[in-house]
Amino acid sequence: MADDEVVDPKKYLEESCKPKCVKPLLEYQACVKRIQGDDSGHKHCTGQYFDYWQCIDKCVAPKLFAKLK
């Protein structure tokens, strides 16, 4: 029955798109490193996190929808 399982192509496509989104990832990692010592909780890297995933999503979307048609 394991051979009949449907594999989600999104995870594979996300992995294949990660090399194209290195710049936003590095910006996110730099932000995380910068705010590690912040005990106030006011600093965050939400913008950089979303920029990274927006890059991944923009790369994945056309490939994913082509597979779903």
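Glycine is no exception: its Cβ is also placed from the backbone N, Cα and C atoms.
According to Swiss-Prot, the protein carries these features:
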- Cys17-Cys59: disulfide bond (DISULFID)
- Cys31-Cys45: disulfide bond (DISULFID)
Rounded Cα separation (Å) that holds between Cys17 (disulfide bond) and Cys45 (disulfide bond): 21
DSSP three-state assignment for Cys45 (disulfide bond): coil
